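Visitor: Here it is, the structure, as structure tokens.
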Amino acid sequence: MAVFIGGTGTDVGKTFFSSLILGKYGESLGLKYFKPVQTGDDSDRITLMRLTGLHESYVLKNYYSLAFAGSPHYSSELEGTEIDTDELSRHLYSIRDEKIIIEGAGGLLVPLNRRMLTLEVIRQAEIPLILVAPTSLGAINQTLLSIEAIQNRNIDLKGIYFLGIPDKTTEDNIRTITEWSGVISLGSFFLNSNERISCECFQEECIPKFDLDESIKNILV
């Protein structure tokens, strides 16, 4: 089945998390990667292919590619167009039973046009969601707000995956978020810095450490 990878905000690590999934299970489970809406350059697809070493056949083309790196609703307006969220919802619904990792653009409440938020499209498409959350100061508020928005729309939230550079608040942040929300943690992955990770490091060090208890795999199969 398809799974939507959403985040509490921009740059929380959705592409890195998607790369971990595809790098570990792409070939064995026959997974594909799909980012329906891309703003700015095509760096997310390129990053995933660079890190995982997967052929471009594993990476589907964006449904919308917008030049300006901004919120999708605004980026599309600058190009004199509008994202057709009805069409996008129907397309996502049609692929919901396929083995596709679908990455969202920005946070969950990002508008795709002046009438529709990302979460509404996920709800209409009836696709389950994994929430990628940060681990540092501020994570509690961001994550609990995102979870509340998800639950208010009766979206199937499979769990939270924590990703980031740890600090003194990290351990308690994870505990507090799971206790207050009642949503399970699917795991965590800690980085040493924001520096660019080489494909060798990713494949030799990151992938072997990922999903040791197969919580993510069990969702995908």
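Positions of Cβ are set from backbone N, Cα and C atoms, glycine also.
From Swiss-Prot, here are the annotated features:
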BINDING   D11, V12, G13, K14, T15, F16, D44, E103, G104, A105, G106  ATP binding site
BINDING   T15, D44, E103  Mg(2+) binding site
ACT_SITE  K35  active site
BINDING   T39  substrate binding site
Visitor: Provide, as an integer number of angstrom, the distance between the C-alpha atoms of D44 (ATP binding site) and E103 (Mg(2+) binding site).
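Guide: Just about 9 Å between their Cα atoms.
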Visitor: Suppose we draw a 10 Å sphere around the Cβ of E103 (Mg(2+) binding site). How many other Cβ atoms does it contain, all chains included?
Guide: 24
Visitor: How many whole Å apart are the CA atoms of G106 (ATP binding site) and the residue listed as 'substrate binding site'?
Guide: 10
Visitor: Taking the Cβ of G104 (ATP binding site) as centre, how many other Cβ atoms lie within 10 Å?
Guide: 23
Visitor: Measuring Cα to Cα, how many angstrom lie between E103 (Mg(2+) binding site) and D11 (ATP binding site)?
Guide: 12
Visitor: If you measure the residue listed as 'active site' to D11 (ATP binding site) at Cα, how many Å is it?
Guide: 15
Visitor: What's the CA-CA gap between D11 (ATP binding site) and T39 (substrate binding site) in angstrom, rounded?
Guide: 13
Visitor: What is the interatomic distance between the Cα atoms of G104 (ATP binding site) and T39 (substrate binding site), given in whole Å?
Guide: 11
Visitor: Around the Mg(2+) site formed by T15, D44, E103, which additional residues qualify by having Cβ within 8 Å of the site's Cβ center?
Guide: I5, K14, S18, S19, Y33, K35, R45, T47, L48
Visitor: How many Å separate the Cα atoms of T39 (substrate binding site) and T15 (ATP binding site)?
Guide: 14
Visitor: Which residues of the same chain, at least 6 positions away in sequence, have a Cβ lying under 8 Å from the Cβ of T15 (ATP binding site)?
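Guide: The answer is D44, T47, L48, E103.
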Visitor: Starting from the Cβ centroid of D11, V12, G13, K14, T15, F16, D44, E103, G104, A105, G106, the recorded ATP site, name every other residue in that chain with its Cβ within 8 Å, sequence order please.
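Guide: Other same-chain residues with Cβ inside the cutoff are I5, G7, T10, F17, S18, V132.
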Visitor: With H, G and I counted as helix, E and B as strand and the rest as coil, say where DSSP puts T15 (ATP binding site).
Guide: helix
